[in-house]
Amino acid sequence: MPQALERADGSWAWVVLLATMVTQGLTLGFPTCIGIFFTELQWEFQASNSETSWFPSILTAVLHMAGPLCSILVGRFGCRVTVMLGGVLASLGMVASSFSHNLSQLYFTAGFITGLGMCFSFQSSITVLGFYFVRRRVLANALASMGVSLGITLWPLLSRYLLENLGWRGTFLVFGGIFLHCCICGAIIRPVATSVAPETKECPPPPPETPALGCLAACGRTIQRHLAFDILRHNTGYCVYILGVMWSVLGFPLPQVFLVPYAMWHSVDEQQAALLISIIGFSNIFLRPLAGLMAGRPAFASHRKYLFSLALLLNGLTNLVCAASGDFWVLVGYCLAYSVSMSGIGALIFQVLMDIVPMDQFPRALGLFTVLDGLAFLISPPLAGLLLDATNNFSYVFYMSSFFLISAALFMGGSFYALQKKEQGKQAVAADALERDLFLEAKDGPGKQRSPEIMCQSSRQPRPAGVNKHLWGCPASSRTSHEWLLWPKAVLQAKQTALGWNSPT
């Protein structure tokens with residue numbers, strides 16, 4: 001008996017929204033608590049800072065880089081099965097990591113397997129919101145983002161409590177049971193009815209291929225379908241954005257990994273050090289939805305890329321404050337300021353990508369974007385660990401974070417401004433060319449041949465059939481002297497047409 005489909009924007013959609021919030025809190029909020037175990041793991045395995053840093057870097061990198069693989073599973077099995085599969089993998093990885101005898105085993109279990117499972121769960125839960133919510137989609141995404149903030153708030157406090165009572169091995173075993181709640185959230189996600197019925201097409205049989213060539217061809221088609229390498233060649237803004245975000249990611253995750261060890265290095269109590277991460281999460285509960293709603297306002301549409309650069313700049317400057325002092329109350333003020341810039345970055349990072357790339361190319365652009373960001377996440381913590389081993393000073397880690405964030409903000413802001421000026425220059429040249437064409441047409445008669453670029457510009461607003469008039473309203477056949485009195489208005493309207501402005505009433 002077929003299962004009944006749920007209706008979009010129905011009452012069950014809010015239950016799915018709650019499940020999505022829980023899933024995001026369990027998955028995206030988890031990496032922020034890894035810093036609490038940093039010193040404990042370092043002592044357990046007698047490892048350097050760089051070697052210990054590979055654990056959070058692998059976890060975060062796989063969490064972002066496995067996005068295209070998750071998209072394939074969603075297309076094949078659906079969101080419900082993928083969320084539940086992710087919960088099983090994340091749980092299996094944490095349980096296995098509690099029996100690790102060296103860091104290599106920890107990298108594979110708690111790093112790779114758990115990161116893969118968390119990616120499957122969180123990305124599938126976000127995808128299903130687009131089917132369950134149509135009219136209230138913006139509100140649903142804003143509320144779902146609160147789950148991340150709740151996770152950032154609760155994971156550090158729970159981790160500190162379990163670590164004191166059970167040790168890191170017992171804590172990771174409990175975490176394995178907690179991640180099984182993703183399976184419950186996945187079971188709540190029922191199939192939803194869509195307005196578009198799937199089309200059945202009869203495809204011709206594929207040409208015969210050898211098994212090796214067929215596998216390589218299938219992999220190539222899959223990569224081409226989910227990763228937008230062709231957009232890099234044709235969209236300069238996309239290239240600038242990817243380079244800028246990758247450069248900023250080399251510094252952005254460092255405070256979340258090293259803030260707790262840095263506070264303990266300055267003799268801050270362990271409970272208070274764990275509380276710092278929770279302050280960031282609690283502040284984001286209110287700031288992140290507010291930033292998301294403000295970023296969606298039409299008044300900010302043309303300035304979103306500059307606001308994103310400003311948020312990165314503020315994030316880098318706040319890290320300088322953290323590096324200057326390790327006093328607890330100074331760190332509390334740092335966490336509050338860091339939360340403001342962090343919420344702006346989280347609200348704008350994908351919205352700016354939507355502004356730069358056409359929506360029909362957005363899924364492929366997002367796939368390449370997450371993969372390249374994952375590479376940066378993989379490099380960032382070990383690079384900071386090498387710096388820490390060389391200097392034995394945590395302050396240099398925050399100086400390093402500030403350098404990457406501030407330089408990325410200046411690069412993106414300057415590059416976007418230069419691209420905007422270049423585009424405005426092209427539009428001005430087109431307007432001047434249209435002005436010259438109108439002058440020649442008025443002077444020499446309607447039979448004069450237009451230049452190709454002018455024909456392209458004027459084709460956007462063709463002349464109505466049966467009306468043979470110039471842009472300023474005079475009939476083409478009546479070339480009297482009063483045409484020249486209206487010439488300034490004609491030039492103004494021509495420029496407005498070329499630049500895409502609305503004509504004055």
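If you go along the chain as it appears here, the first residue is 1 and each next one adds 1.
Each Cβ is built from the backbone N, Cα and C atoms, and glycine gets one as well.
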Swiss-Prot: matching membrane side for Gly10 and Ser267: no
In the topological domain 'Extracellular' (389-396), how many residues does DSSP call helix, how many strand, and how many coil? 5 helix, 0 strand, 3 coil
Close approaches to the transmembrane segment (172-192) from elsewhere in its chain (Cβ under 8 angstroms; 6 or more beyond its ends): 3, 5-8, 12, 15-16, 19-20, 22-23, 26-27, 30, 78-84, 86-88, 90-95, 97-98, 110, 114, 117-118, 121, 124-125, 128, 131-132, 162, 166
Per the Cβ filter (under 8 Å) with a sequence gap of at least 6 from its ends, the topological domain 'Extracellular' (102-110) is approached by 41, 45, 47, 51-52, 54-55, 58-59, 93-94, 96, 172
Residues of the parent chain within Cβ reach of the topological domain 'Cytoplasmic' (75-80), under 8 Å, 6 or more residues beyond its termini: 124-125, 127-128, 131, 186-187, 189-191
Determine which recorded stretch among 18-38, 81-101, 111-131, 275-295, 306-326 has the most C-beta pairs below 8 angstroms with the transmembrane segment (240-260). 18-38
Near the topological domain 'Extracellular' (39-53), which same-chain residues lie under 8 Å Cβ to Cβ, leaving out any that are not at least 6 residues past its ends? 102-103, 106, 163, 168, 257, 261, 264, 381-382, 384-386, 388-389
Give me the mean pLDDT over the topological domain 'Cytoplasmic' (418-505), rounded to a whole number. 55
What same-chain residues lie close to the topological domain 'Extracellular' (261-274): Cβ under 8 Å, and 6 or more beyond its ends? 35-36, 38-39, 156-157, 159-160, 322, 326-328, 331, 394-395, 397-398
